[in-house]
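J.: My structure is below; once you've seen it, I'll send some questions.
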Amino acid sequence: MTISRINILYCPLKMENTILFQWAGARNLKFRTKAGLQPLVEEFVTVLVRDPRTQKEDSWHSYIDYEIFIHTNSMCFTRKTSCVRRRFREFVWLRQRLQSNAVLIQVPELPSKSPFFNMNNPHHVDHRRQGLQEFLEKILQNALLLSDSRLHLFLQTQLSPEDMEACVSGQTKYSVADAIHKFASLNRRFPIEDEERKKGKNDADSDSESSSSGLGPSDDSISCGCKASPASEES
């Protein structure tokens, strides 16, 4: 299995007297501060589509879903590490929604849905898995598509397409960030990140108390009413 790492360059926020310029003959932007010249911070996004499993939909029907693993340091993502499971039908929904919201660009294609696909054939299953991973890799390299809230709910929650639509349209009591944090709290696969976030929150609370800033609670302290649903059952 090939692990793909998508690199993004960004300039850190809240930097005083920052001047962006292009070095002659250099590919990477630099920024100038009082301390001198420093390279831009490099962001990365690692995405894996893996672990295909057969799920029973009812007594007569089965389907295959895939685990989507995300590891990143990108500021675009609410959680830096996550795992969800999605079926092919949900990928189709995602592409349709991304295309409808990004009419000026062509959204990458999904692997073709062959009438001869056999979920009991390991070659067929792995070929589709590879196609789904390539689809997500291309999506995550496009800044316009990466800004779509549906993509983040798809990658970092187990909400159904109907619930994702309701969330992004403001028809739920919870926001996109709330939904992602809530799913993460119910899916304790990455305790290290949770501990780091908790430590950071405690440090922030200490700073707040000492400075009497009066700031409200962070996103992690928000309790929302969303639920982590199982794999979507669509007609």
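Every residue gets a Cβ built from N, Cα and C, even glycine.
Relevant sequence annotations retrieved from TrEMBL are reproduced here:
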DOMAIN    44-161  domain 'PX'
COMPBIAS  191-204  compositional bias 'Basic and acidic residues'
REGION    191-235  region 'Disordered'
COMPBIAS  209-223  compositional bias 'Low complexity'
J.: Over the domain 'PX' (44-161), what is the model's average pLDDT?
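T.: Reported value for the domain 'PX' (44-161) is a mean pLDDT of 95.
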J.: So, by DSSP, how many helix, strand and coil residues make up the domain 'PX' (44-161)?
T.: 46 helix, 31 strand, 41 coil
